[in-house]
Number of protein chains: 2
Amino acid sequence: MSDTAIMTLKTMLANLDDAKKYQSLRDVMETLPAPDLAAVFEDLPPEKLPVLFRLCPKDLAAEIFAELTPETQQNLIDGLTDKELKAVVDELFVDDATDLVEEMPASVVKRILAQADPATRRMINELLKYPEDSAGGVMTTEFMELRPDMTVTQAMDAIRANGIDKETINNCYVTDKDRTLIGVVSLRALVLEKDPKRTIRDLMDANVVSVSTTTDQEDVSQLFEKYGFLAIPVVDAEKRLVGIVTIDDAISILQDEASEDFAKMNAIGPSDKPYFKQSMWDLYKSRAPWLVFLMISATFSSLVIRGYESALAAVTVLTAYIPMLTDAGGNAGSQSTSTIIRGMAVGDIKPHDLPRILWRECRVALLCGLTLAVCNFGKLLIFDRVSAPVALVVCLTLMCTVLLSQLIGGLLPVLAEKLKIDPAVMASPLITTIVDTTTLLVYFNIAKAVLKI
Amino acid sequence: MSDTAIMTLKTMLANLDDAKKYQSLRDVMETLPAPDLAAVFEDLPPEKLPVLFRLCPKDLAAEIFAELTPETQQNLIDGLTDKELKAVVDELFVDDATDLVEEMPASVVKRILAQADPATRRMINELLKYPEDSAGGVMTTEFMELRPDMTVTQAMDAIRANGIDKETINNCYVTDKDRTLIGVVSLRALVLEKDPKRTIRDLMDANVVSVSTTTDQEDVSQLFEKYGFLAIPVVDAEKRLVGIVTIDDAISILQDEASEDFAKMNAIGPSDKPYFKQSMWDLYKSRAPWLVFLMISATFSSLVIRGYESALAAVTVLTAYIPMLTDAGGNAGSQSTSTIIRGMAVGDIKPHDLPRILWRECRVALLCGLTLAVCNFGKLLIFDRVSAPVALVVCLTLMCTVLLSQLIGGLLPVLAEKLKIDPAVMASPLITTIVDTTTLLVYFNIAKAVLKI
């Protein structure tokens, strides 16, 4: 249904100059969710943005605005009057307004802050103090606060009086006089409570999980996943409640972190833009440096081969198995690396598990290596018709390389974590390069020993 | 704080035989969130499970139970009396009960269904009809339903009367007489509404986004991410409301799908168990088949090399750059593949974008290839001191291989999607193997042409 509405909307936009269509445009827009409308806005030429934006009711306009990319937000702001800008900023949730201030160039920021009302401006400035990727940087200060000695009736009255501006009222946070967080109570519990005289202290859950303003956003979003919360309170060093992180932000963080890990594990530099929004230069910047770096690292494998050129010249068939062996090592290595990286990302594996990891990887690598060696030995003798000693060399190398690769693959991400380097950069491409050199060294030395060359 | 509580709990468990500790144990347990307690349960010997479980209050017990792994659930069920089992099953949300029935062996399922009350049994059987990874398979039937002609007061009374058993009441769904879904209203809107006489029809959002029972769970969870919902209603073919999917399930799905893609992209078979819960056999099974398959695919690269053995023998230095060239191709290929796979997973890229993808990949590949070639040409002449024609061969190959790899890398996942194969299996390892052969063919042909061998 919303797909047809989007189509209708796009057709109408094609003839936006026809003034009589404005009312129908507004009607269509009201049936669409803000993220869909935002997608339509992204495709509009900058000069048409304010026209369409003015047609939206105030709260929908703010919702759409929060969903736009920074480029489109800036284009839109440039086309709005000060009064219109003020309306948008006042309607935005303060965490979205802060994100906006963080993304815009200085001149636009000045205009935004000049239009924001003093309370909003204070909250924005407060939030700007925290690092962007900390709990303080992603939280909102618009939460619902209750006192422990309120009755259910008083609490519901407080919510009715103040709830409208809050980002969520599904969870309300209980604080004592100096704003220390002492509990949480859900709107559900308040609504379902049969005795209106009961106090919040009776009803609240005093074992409330909170994070500090400095907690990393990734750790915060993992708590959402683990405990199934809809919001998590954020406290300062004195345990005073200063904000909450809501689940919609947590989901974005989880997805962004997963995308980031994907990119790093495939030798791509960071980018927070969707594929088609990236310019050629963006794509180039994110790919070329890694390719150059990995190419230079591959120098070692060339050096090893050149060092054993005479051995290769003596038994030229050895060359034929170089790609197979290095690939097997690379694949085995990235299997363990990626398992460990993902395990650490979702919290199943901790750095102090290293000895257990190596012991497991060692055993599974022996099993895998043996399987590969046996399969390959048969194939070499029957199909490739190489001599038994050469087959032996290839298969012994295969076993050693799988073992070494999976051990290195298990070790590297843990080592990276301990050295405070992001484990994901240690993944597939880098391990492939490291494993290549190891594999070739093992290969040529086994060949020299077995074939006596 | 909860970490110290877990430590205390573990110390107490060490002396569980000391009967006087039971009351304190219960006190400590009540301060801990269910997921933390579940983690403690996982580490207990099976015979101690029921003892500790019996100490938990009924609702906490059900919450812990839902968080346990299937193995531990089964161990625990084996130690419970029928009456205790009944208490657990009745207290579980029906979607968790259904998951349980899906995971347990037949004999245990029989016991569970015998203990469930008739209404629960009916709901479980209803949910079992849907495929496990469809919206029907992950939804719960315990949602709050309202009628459009109710006033706010009547709606709040209905919620107070029936809300306690519902998985969430933060969103209530409005249906007409034949149970067709016609709108959604949030508890927030009901609570904040100043006029108690207003009807639900007035207050509800009639443009409600819903999914069908057959919608893939991955698509459902993407809607949560896109629209920021807390729950999504599920309708049958006649648009009748049959259930809802809640955000906690959506987060698990998103994380599981990301883990699955990670695994596939690194040539690891599927596993839904955490690393340390997997047996040697699990790990072996998930890794060895892929390694064997990729090893066999690498046969093509061996064949190519053997076919050009005489050329290699003539200019032995060419061998030294084989790993560097195949790695560069593999890295370039996995950069584009993973970009496209992730883009499709988060919904930024659709299969019909293929021509645009290839055009972008082509341009960025030329830029990357040129950069690599220029860097490498300098390195080859200055550091490796190879002859200019050899350097030319290596660098031309580098350009061609990056171009081909990024085109293949852009093409494969889209092709896979069109053929209804999971794009993630096309990723890094497979593309590496494919690209290896291409690279070698290009390399030797360029070498033959330039060096006249």
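Just so you know, glycine gets a Cβ as well, placed from its N, Cα and C.
Record features (TrEMBL):
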{"type": "DOMAIN", "residues": "B:139-203", "note": "domain 'CBS'"}
{"type": "DOMAIN", "residues": "B:204-260", "note": "domain 'CBS'"}
{"type": "TRANSMEM", "residues": "B:364-383", "note": "transmembrane segment"}
{"type": "TRANSMEM", "residues": "B:390-412", "note": "transmembrane segment"}
{"type": "TRANSMEM", "residues": "B:424-446", "note": "transmembrane segment"}
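Sequence-distant contacts of the transmembrane segment (B:364-383) (same chain, at least 6 residues past either end, Cβ-Cβ under 8 Å): 328, 332, 336, 390-392, 394-396, 398-403, 405-407. Here the transmembrane segment (B:424-446) has Cβ contacts under 8 Å with residues 260-261, 264-267, 290, 294, 297-298, 300-301, 304-305, 307-308, 311-312, 318, 321-322, 325-326, 328-330, 332-334, 337-338, 341, 393, 396-397, 400-401, 404-405, 408-409, 412-413, 415-416 of the same chain, all six or more residues outside its ends.
If you average pLDDT over the domain 'CBS' (B:139-203) in this model, you get 93. The domain 'CBS' (B:139-203): residue composition by secondary structure is 24 helix, 17 strand, 24 coil, according to DSSP.
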